[in-house]
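The NADP(+) binding site annotation in Swiss-Prot covers 6-30 and rests on similarity to another entry. Annotation comment: Swiss-Prot describes TYR138 as active site, proton acceptor, evidence class sequence analysis.
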Amino acid sequence: MSKNILVLGGSGALGAEVVKFFKSKSWNTISIDFRENPNADHSFTIKDSGEEEIKSVIEKINSKSIKVDTFVCAAGGWSGGNASSDEFLKSVKGMIDMNLYSAFASAHIGAKLLNQGGLFVLTGASAALNRTSGMIAYGATKAATHHIIKDLASENGGLPAGSTSLGILPVTLDTPTNRKYMSDANFDDWTPLSEVAEKLFEWSTNSDSRPTNGSLVKFETKSKVTTWTNL
């Protein structure tokens, strides 16, 4: 019987790559996003990550008798600015919606749909391990995401028994958007999306390879060599 992976943000750059990779390994792929992913076996579109939409998509997946072996939240965004920026509060609201609420929505979906012993992964940020004065809203929401990861690893965090809650903390991902806005950067120091998908597949298929429940896993690429560090 094939296993199931659910990706929130399955139409974005990272999410679509994860769907593509797992599908190539004969996994049943499920995408939830604001737009359809035609490559996924099941693609659910939502208008927002509010309570009604999330409850509705959970019901739709349950109606297909699908239980999830791996859940990955690849949804999110970035915004710069410090407290003096004219659009600071606008960026705060945007980052809460894109980063923090998507993490909370993921936690609820995972609690309802993940199999016992399953893998649950949120996308944090290496930058949020330190001060982020030039991008306060982004750093704060990613730091809060790290907190959620650890809470879900607790016995009473709400995930099914035996589950592993992890955070992946990239430095810079090699995405079309990053290439567009940082065209002068050294792309050899950016992590290919395929490497992230491959690592998630390793953790999904070999539970012994997983970091300790609640771990934040930082990864950084230098000269096309990626180092993964469990924090």
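Any Cβ shown, glycine's included, is placed from N, Cα and C.
Feature map: Swiss-Prot annotations on the structure.
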residue: LEU6; record: NADP(+) binding site; DSSP (3 states): strand
residue: LEU14; record: NADP(+) binding site; DSSP (3 states): helix
residue: PHE22; record: NADP(+) binding site; DSSP (3 states): helix
residue: ILE30; record: NADP(+) binding site; DSSP (3 states): strand
residue: TYR138; record: active site, proton acceptor; DSSP (3 states): helix
Neighbourhood of VAL18 (NADP(+) binding site), C-beta criterion under 8 angstroms, separation at least six: ILE5, VAL7, GLY10, VAL72, ALA74, LEU193, VAL196, ALA197, LEU200
Distance, TYR138 (active site, proton acceptor) to PHE22 (NADP(+) binding site) (CA atoms, angstrom): 29
Rounded Cα separation (Å) that holds between TYR138 (active site, proton acceptor) and LEU14 (NADP(+) binding site): 18
Fewest other C-beta atoms within 10 angstroms, as judged across LEU6, ILE30, which are the binding-site residues: ILE30
Spatial neighbours of SER26 (NADP(+) binding site) that are distant in sequence (at least 6 apart) but have CB under 8 A: SER2
